[in-house]
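Asks: Below you'll find the structure I mean.
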Amino acid sequence: MMHPAFILFYSSLLFSIFLVVSCNSLVVCWLGLEINMLSFIPLMIMKNNKYSSECALKYFLVQAVASLLIFTGCLGMNYSFLMENLVVAGLLVKLGCAPMHQWVPGVVEGLSWGSLFIMFLMQKISPLAFMSVMSSYNSNLIISGVLLSALVGSVGGLTSSSLRKIMAYSSIAQLSWILSATLTSSGLWVSYFCIYFLILSSLLMVLNDFEVFNLNKMLLLQGKYKYAIGLSLLSLGGLPPFSGFLPKFIVVSSLLSEGQVYIFSFLLLGTFVSLFFYVRVVLTSMMMSSFNLSFSGGTGHKKEAKLVVNVFILGLPTLFFMF
């Protein structure tokens, strides 16, 4: 049974998200971001080990600096145009967007998949909702973040065997697409994020069940689980006909209709690099003999059900839009 304290923190986390999404006041939105941060930090140290505590401290320091930038910018927006840059810069730091991304790979290494689910998904909602409002004020700084995140997110995971770091850089790459969506349409980023939420959450469920934290252990999984993880990675990369291709196609269409060819070029280049790495992982998995090297990991009905959900989500959104 979950400890009452954690129920409180989860509840306050959800409350902070609703507060930011539903409020028009910049200061109240900043307050929601602070509640969001303070609710997540106790959840990071569930396992009570030195690595998670160190990661929580790093996370707090980075988020505190970002909060200071946002608060200062919110107070001075009526007096100086430059203050808008402070707000946008603070939000980019909170999101872990390049070039302010250096803290992300270091923090993720000490966290469980459950904490990473919150960090990669739940913690992104409030800053992105805030950012969608700020995109009308200063798009140049956001565009810079989009271009750098597309390159850093795709190249960063190439030399890593840690799945947590690979997911971290994948998150940075996905941010480039989501932020591009905020520049073209106020509601497009929501559709993109919802599909991304489904794909990543189903993938993290499988990784959490088998406690897979590196590529070597992934290759030792039974074939069906190994392929499910590999196909989910391809879906995250945007390979058709998987569901991850659909939101990217919509964003690309929106960018081209507004003449944002250079943003499209950077996003496409980053996607090709990411897909090259993901395809290499999947091909390596296929060539490994699962009969000789696989381990069961205590498979049961719950894990089989989660596998079915994972595979179902890979194609569901695409089928939905086809009909």
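Glycine residues also receive a Cβ, built from the backbone N, Cα and C atoms like all the rest.
Note that TrEMBL annotation is computational and uncurated.
Okay, these came from TrEMBL:
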- 7-33: transmembrane segment (TRANSMEM)
- 24-272: domain 'NADH:quinone oxidoreductase/Mrp antiporter transmembrane' (DOMAIN)
- 60-82: transmembrane segment (TRANSMEM)
- 103-121: transmembrane segment (TRANSMEM)
- 141-159: transmembrane segment (TRANSMEM)
- 189-207: transmembrane segment (TRANSMEM)
- 227-250: transmembrane segment (TRANSMEM)
- 262-283: transmembrane segment (TRANSMEM)
Asks: I'm a bit unsure how to read this: which one of 60-82, 189-207, 227-250, 262-283 has the highest number of Cβ pairs shorter than 8 Å with the transmembrane segment (103-121)?
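Replies: It is 189-207, which has the most Cβ pairs under 8 Å.
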Asks: Which residues of the same chain, at least 6 past either end of the transmembrane segment (7-33), have a Cβ under 8 Å from a Cβ in it?
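Replies: Those are 39-40, 42-43, 67, 70-71, 74-75, 77, 87, 94, 118, 122, 125-127, 129-130, in sequence order.
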